[in-house]
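As written in Swiss-Prot, here are the features:
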DOMAIN    104-287  domain 'ATP-grasp'
BINDING   Lys141, Glu178, Tyr179, Asp187, Arg211, Ser212, Asn213  ATP binding site
BINDING   Asp248, Glu260  Mg(2+) 1 binding site
BINDING   Asp248, Glu260  Mn(2+) 1 binding site
BINDING   Glu260, Asn262  Mn(2+) 2 binding site
BINDING   Glu260, Asn262  Mg(2+) 2 binding site
Amino acid sequence: MKIAILSRDGTLYSCKRLREAAIQRGHLVEILDPLSCYMNINPAASSIYYKGRKLPHFDAVIPRIGTAITFYGTAALRQFEMLGSYPLNESVAIARARDKLRSMQLLARQGIDLPVTGIAHSPDDTSDLIDMVGGAPLVVKLVEGTQGIGVVLAETRQAAESVIDAFRGLNAHILVQEYIKEAQGCDIRCLVVGDEVVAAIERRAKEGYFRSNLHRGGAASVASITPQEREIAIKAARTMALDVAGVDILRANRGPLVMEVNASPGLEGIEKTTGIDIAGKMIRWIERHATTEYCLKTGG
């Protein structure tokens, strides 16, 4: 097969591993910067160009689209989809997952347990919002945040009000969420491919911090997950219509809670921690699903 990887930086670990895994299985691979793609949207002859040349047909596309370029990155991916390329994750699913508020609403509708979460637009509702999630300590999150950026633990009610007011002063959209104290700064990252959790790690926050993201200095170890955690991770990925997802779970006294579903999970931390060839599993998923029937169905 001919596979395109959409990424702004082909030197990143995840891109290199996906490229290596695809080549090892006999596929042709090209890494394309989505911001250098431009499109002819034409009902008679739609096409996509890259740095002055018209791109050939790709059997499959692996999107590694960062949050900062979600709008144009998903537009480029959508063009590949229109031309019959199989997307490892569909553009509509990526856009949906990037909206934290919408994601939580969809997950809640499917009965997936979450931390109690509130959102309000008016400053007049701040006090009620804090009470809604059980008071302080609580977590304030930017809706557009990623990798632990824009996440603040407010340990007192006064601190919570100050943080919420400060974010509102920046015209930022925020979520207010209960703090799961018993998680003790740890979460579980489950890597889902299709209908299987292929790997899981426990991420522990750096001493003195509460965010466990590896990009923020957290440490990782292999996690043994329960059948309930496995089931909830797969259900969360399926709810978001993602074939590949990083599902972050908090272990609360009342059971596992889904904190976030990531549409473009990094591979470095979880592969190096577990020793599992996740990139290879992703390529094998593509091989099973990037079929002639898919191309015919989508017009390729």
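From the backbone N, Cα and C atoms, a Cβ is placed for every residue, glycine too.
Sequence features, as recorded in Swiss-Prot, placed on the structure.
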residue	record	DSSP (3 states)
Lys141	ATP binding site	strand
Glu178	ATP binding site	strand
Asp187	ATP binding site	strand
Asp248	Mg(2+) 1 binding site	strand
Glu260	Mg(2+) 1 binding site	strand
Neighbouring C-beta atoms (10 Å sphere around the C-beta of Glu178 (ATP binding site)): 19
From binding-site residues Lys141, Tyr179, Asp187, Asp248, the one whose Cα lies nearest Asn262 (Mn(2+) 2 binding site): Asp248
Neighbouring C-beta atoms (10 Å sphere around the C-beta of Glu260 (Mg(2+) 1 binding site)): 21
Tyr179 (ATP binding site) to Asp248 (Mg(2+) 1 binding site) - Cα separation in whole Å: 15
From Lys141, Glu178, Asp187, the binding-site residues whose CA lies within 10 Å of that of Asp248 (Mg(2+) 1 binding site): Asp187
Rounded Cα separation (Å) that holds between Lys141 (ATP binding site) and Glu260 (Mg(2+) 1 binding site): 12
Overall pLDDT of the domain 'ATP-grasp' (104-287), taken as the mean: 90
Site of maximum Cβ density within 10 Å, from binding-site residues Asp187, Asp248: Asp187
Integer Å distance between the CA atoms belonging to Glu260 (Mg(2+) 1 binding site) and Glu178 (ATP binding site): 14
Distance, Glu260 (Mg(2+) 1 binding site) to Asp187 (ATP binding site) (CA atoms, angstrom): 11
